[in-house]
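**Student:** Input: one structure, supplied below.
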Amino acid sequence: MATTAAPAGGARNGAGPEWGGFEENIQGGGSAVIDMENMDDTSGSSFEDMGELHQRLREEEVDADAADAAAAEEEDGEFLGMKGFKGQLSRQVADQMWQAGKRQASRAFSLYANIDILRPYFDVEPAQVRSRLLESMIPIKMVNFPQKIAGELYGPLMLVFTLVAILLHGMKTSDTIIREGTLMGTAIGTCFGYWLGVSSFIYFLAYLCNAQITMLQMLALLGYGLFGHCIVLFITYNIHLHALFYLFWLLVGGLSTLRMVAVLVSRTVGPTQRLLLCGTLAALHMLFLLYLHFAYHKVVEGILDTLEGPNIPPIQRVPRDIPAMLPAARLPTTVLNATAKAVAVTLQSH
């Protein structure tokens, strides 16, 4: 038994030639198992490669579909021709109209929202406006402390429009035929130009003179100061007397000017500053009333002559009888009358 086992063991160790092929197969099988164990696990990367490949295929399909759609649209546009161009143009016009309507709606909404900003400046009772109109004609005496100025624009704005209407009424009653648009524009430009321009100029001087007044207060003060101008022009446009105009110019216009001057004096420190500021305001305010009474008609008549030409009646030659007594020449009147008539007939024939 022992002797039999030894050759078997020796044969397993490679001593016997008959076991050579079997041992090679076993060794080959062992190397195969070891190689499989030592191989990298590439199964995950293989799935990732498949996913990327699938994604590329889908992208290529999408690009192909987009190219086909573009080609189809191009073919349709070429096939439709002018019809396709009109359709595209109509879409663009509709888009532009929509955008324009949207912008207008937003502007209207913003304008309505901005009305609330101006509402405090026009929120005033009629009784307050009436009392302020009367106070604008009464000069104040106490100028030691700053006088109160109404911070609203309803009364001044209505007075400016009233002055425009009075100017139009004056031109209606002056037997002057003009074009309504030209007259309206001239009157509005004159009144609003004076109100806004002089208020800005006086406010600038007040800033230089260190006066305690704001632009809103200056507009209100000068606007209520036009109440005297409205009274004077309304009366003198209906009663054409220069003496009456000068009387109202000094009394009514002077009272309204003194009221404004007193308010500015109470808000200005220093005699030189008071003289400069108040003297400028008084001169501009009184001269503006003179301008409205005298120069305004000439301006409108000049516009009328420019638009329609001067209205000059034609010259007519009419023979007249010479008076019976001529101190310079002692000639018979019958001879002179006959001679004059003959000359007139000769001129008319030519």
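Cβ atoms are placed via backbone N, Cα and C, with glycine included.
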**Student:** Based on Swiss-Prot, are Lys102 and Pro271 on matching sides of the membrane?
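**Tutor:** Same side, per Swiss-Prot.
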**Student:** Which residue, chosen from Thr190, Thr214, Thr257, Thr334, is annotated O-linked glycosylation site in Swiss-Prot?
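**Tutor:** So the answer, going by Swiss-Prot, is Thr334.
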**Student:** Where does Swiss-Prot put O-linked glycosylation site, among Thr186, Thr236, Thr280, Thr339?
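**Tutor:** Thr339, according to Swiss-Prot.
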**Student:** Where Swiss-Prot marks O-linked glycosylation site, which residue is it, choosing among Thr162, Thr333?
**Tutor:** Thr333
**Student:** Labelled O-linked glycosylation site in Swiss-Prot - which residue from Thr182, Thr346 would that be?
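**Tutor:** When Swiss-Prot is consulted, O-linked glycosylation site appears for Thr346.
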**Student:** Which stretch, 149-169, 215-237, 241-263, tops the Cβ pairs under 8 Å count with the transmembrane segment (275-295)?
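**Tutor:** Out of the listed stretches, 241-263 contacts the transmembrane segment (275-295) most.
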**Student:** Which residues, given as numbers and ranges, are at least 6 beyond the ends of the topological domain 'Cytoplasmic' (264-274) yet have a Cβ under 8 Å from it?
**Tutor:** 140, 142-147, 206, 209-213, 221, 281
**Student:** Which residues of the same chain, at least 6 past either end of the topological domain 'Cytoplasmic' (209-214), have a Cβ under 8 Å from a Cβ in it?
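**Tutor:** Beyond its ends, the topological domain 'Cytoplasmic' (209-214) has Cβ neighbours at 146, 149, 151, 203, 221, 264, 267-270, 273-274, 276-277.
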**Student:** Below 8 angstroms Cβ to Cβ, which residues of this chain, lying six or more residues outside the transmembrane segment (215-237), approach it?
**Tutor:** 121, 132-133, 135-137, 149-153, 155-157, 159-160, 162-163, 166-167, 169-170, 173-174, 195-196, 198-200, 202-203, 206, 244-245, 248-249, 252-253, 255-257, 259-260, 263-264, 285, 288-289, 292-293
